[in-house]
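Q: Heads up, here are the entries from TrEMBL:
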BINDING   Leu20, Asn27, Lys156  xanthine binding site
BINDING   Ala128, Asn129, Gly130, Asp131, Ala132  5-phospho-alpha-D-ribose 1-diphosphate binding site
DOMAIN    33-157  domain 'Phosphoribosyltransferase'
Amino acid sequence: MDMLKQRILQEGIVLSNEVLKLDAILNHQVDPELIMEMGKEFAKRFENEGITKVVTIESSGISVAFATAYVLKVPLVFARRKKTLTTDNDSYCERVPSFTKGIVTDIMVSKQFLTPQDRVLIIDDIIANGDAARGIIRIIERSGAELAGFGIAVEKSFQQGAQTIRDLGIRVDSLVRIGRLQPGRIELEE
Ligand code: 5GP
């Protein structure tokens with residue numbers, strides 16, 4: 001997606017060989033026009049998949065997931081992060097290591113918002129090692145809902161996350177793939 005590629009090249013800041021700061025467009029400030037275009041693109045790619053719900057994880061996935069859900073005319077459910085994993089019969093909880101914070105957080109979705117009748121599209125901002133993705137996939141599996149696929153705004157393809165999800169036989173579509181990060185240099189893949 002050219003518009004997103006340009007913005008990443010202009011406004012992304014390489015923090016290390018592994019971490020790209022995208023605060024100006026995704027993780028702190030968001031540009032609604034750009035986000036809506038991303039939502040339209042995901043909606044177009046998954047329009048024939050019979051999606052009944054878009055699911056993401058708070059907080060950075062919410063804007064793109066909202067835009068996608070708006071275009072597909074379905075509800076958006078965002079997994080909430082919790083400080084403690086308390087046993088709760090009314091929700092699905094999973095423990096997920098956080099790539100950027102270096103800690104473990106627990107994510108949860110209330111059982112009332114995911115049912116075996118749902119066909120789910122997961123949307124997230126960035127994929128690195130795929131821990132967040134695997135956590136939300138486990139929640140969807142436990143709910144009995146069907147997973148149609150995964151839409152990722154930015155895939156860092158030099159890390160293994162997206163590939164490990166594809167290896168499970170799950171469709172993963174990314175809008176931009178980053179092949180390498182070097183000091184002051186972001187290498188995108190075609
Ligand atoms: P994963 O679970 O795939 O290792 O990491 C995914 C989550 O960590 C994403 O939701 C994203 O918010 C955050 N993340 C991973 N890599 C980066 C990065 O390079 N930059 C930023 N800003 N966030 C990242």
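Cβ atoms here come from the backbone N, Cα and C positions, even for glycine.
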Q: Binding-site residues Leu20, Asn27, Lys156: which have a Cα within 10 Å of Asn129 (5-phospho-alpha-D-ribose 1-diphosphate binding site)?
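A: The binding-site residues passing the 10 Å Cα test are Lys156.
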Q: In the same chain, which residues outside the set Ala128, Asn129, Gly130, Asp131, Ala132 have their CB within 8 A of the centroid of the CB atoms that define the 5-phospho-alpha-D-ribose 1-diphosphate site?
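A: My list of surrounding residues reads Pro97, Phe99, Ile127, Ala133, Arg134, Gln159, Gly161.
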Q: Taking the recorded xanthine site as Leu20, Asn27, Lys156, identify the other residues of that chain whose CB atom sits within 8 Å of the mean position of the site's CB atoms, giving them in sequence order.
A: Gly12, Val19, Lys21, Leu22, Leu26, Asp125, Ile126, Ala128, Val154, Ile178
Q: Around Ala132 (5-phospho-alpha-D-ribose 1-diphosphate binding site), how many other CB atoms lie within 10 A of its CB?
A: 26
Q: I need the CA-to-CA distance for Leu20 (xanthine binding site) versus Asp131 (5-phospho-alpha-D-ribose 1-diphosphate binding site), whole Å please.
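A: About 17 Å separate the Cα atoms of these two residues.
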Q: If one looks at the chain holding Asn27 (xanthine binding site), which residues at least 6 apart in sequence have a CB under 8 angstroms from its CB?
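A: Non-local contacts for Asn27 (xanthine binding site): Lys21, Ser60, Asp125.
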Q: Checking the binding-site residues Ala128, Asp131, Ala132, which are within 10 Å of Lys156 (xanthine binding site) at the Cα level?
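A: Taking Ala128, Asp131, Ala132 one by one, the ones whose Cα falls within 10 Å of Lys156 (xanthine binding site) are Ala128.
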Q: Compute all pairwise C-alpha distances among Leu20, Asn27, Lys156, the residues listed as binding xanthine, and give the largest one in whole angstrom.
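A: Max span of the xanthine binding residues, Cα based, is 16 Å.
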Q: Count the other Cβ atoms sitting within 10 Å of the Cβ of Lys156 (xanthine binding site), across every protein chain shown.
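A: A count of 24.
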Q: Are there any residues at least 6 positions away along the chain from Gly130 (5-phospho-alpha-D-ribose 1-diphosphate binding site) with a Cβ closer than 8 Å to its Cβ? List them or say none.
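A: Spatial neighbours, sequence-distant, of Gly130 (5-phospho-alpha-D-ribose 1-diphosphate binding site): Gln160, Gly161, Ala162, Thr164, Ile165.
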